[in-house]
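Listed features, source TrEMBL:
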ACT_SITE  ASP91  active site, nucleophile
BINDING   TYR146  substrate binding site
DOMAIN    184-286  domain 'Pseudouridine synthase I TruA alpha/beta'
REGION    1-26  region 'Disordered'
REGION    355-375  region 'Disordered'
Amino acid sequence: EENGHQNKRLKSDADEEDAEDQNKKSPKRKIVLLMAYSGKGYHGMQRNVGSSQFKTIEDDLVSALVQSGCIPENHGEDMKKMSFQRCARTDKGVSAAGQIVSLKVRLIDDILEKINNHLPSHIRILGLKRVTGGFNSKNKCDARTYSYMLPTFAFAHKDHDVQEELYRLDRETLERVNKLLACYKGTHNFHNFTSQKGPRDPSAKRYIMEMYCGEPFVRENMEFAVIKVKGQSFMMHQIRKMIGLVIAIVKGYAAESIMERSWGEEKVDVPKAPGLGLVLEKVHFEKYNRRFGNDGLHEPLEWTEEEEKIAVFKEQYIYPTIINTEREEKSMANWLNTLPIHDFNSSAVEMQTNNKISKKSSDLEGSDGCGDDSD
């Protein structure tokens, strides 16, 4: 009996040593993963620990990391232990073709294949690179590029009777769309394009590098176009509201002057386009690449070799989801029906009333004639 116990003990000691050897062979290293996913059916990217009813992309990712042996189970429960950071916190239903997450993992053999084996087919890890120990994908990111795919009938004027499948965007309307989108370039106060930010909040100021709508194309008998926007960073719902406002102007519900007004201090009713068409295309690490990309130890965070895989994933999972969901659920068509409910003028009227009241009171107090520059 004693011998039996001893043999068991020796066996368990040997198993522990094997596990330790395995860990020594694959020590933890800071890496970034290039991710692509279709966001339909998910409550965004970021994991809500303790809230299992709302499934997120990170729930599936962490589960795959644990099952593949890259991270111990307790790191899945407490993500700080693996220094996990996502580059962009995509909202509910939003997809990604070039999301980046940074974390510490054991660099096991065939790591990408093993992680992907435990992921559903609509979430893929397309690339991996080693990075510096202090790298944080959110803080080190200089800019993010998003695309928004929408059916072009969204730009048809409200007074025109349009058959959705037959609608084709004319050159003049496309030029007008691009003229309006270009107005967003530069730094503006986007407090009206998100919730929970006041007009005086410094973090509501955001810098947009470019924004334009590409040439339309036909898929499944319906015409679509893709809007691209590159900015330093974006707030929750910001891009969807930027696009929503341009649609409202082009359709004839709001005057062009609403754009200037929306960057001022007054509250403006800005409609939010559906989340379906939004895709995180690419994240940019220009400063990091200049400093560490060619230091002989680290690779630049560029993904030229993975571009083909990204394109294939988009064609297979992202575009068909957007097109089929649009056709079946009519998310854009239904949203367009809500535009007349928005009141694009009320705040201007309220403001005029407020100005009259403040003018009267300042006249009584003895005004110096200076106007408020907030409008």
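Residue 1 is the first one shown; counting continues down the chain.
Each residue, glycine too, has its Cβ placed from N, Cα and C.
Please treat TrEMBL annotations as automatic predictions, because they have not gone through curation.
Counting only the Cα atoms, the space from the residue listed as 'substrate binding site' to ASP91 (active site, nucleophile) is about 12 angstrom.
In the predicted model, residues of the domain 'Pseudouridine synthase I TruA alpha/beta' (184-286) average a pLDDT of 96.
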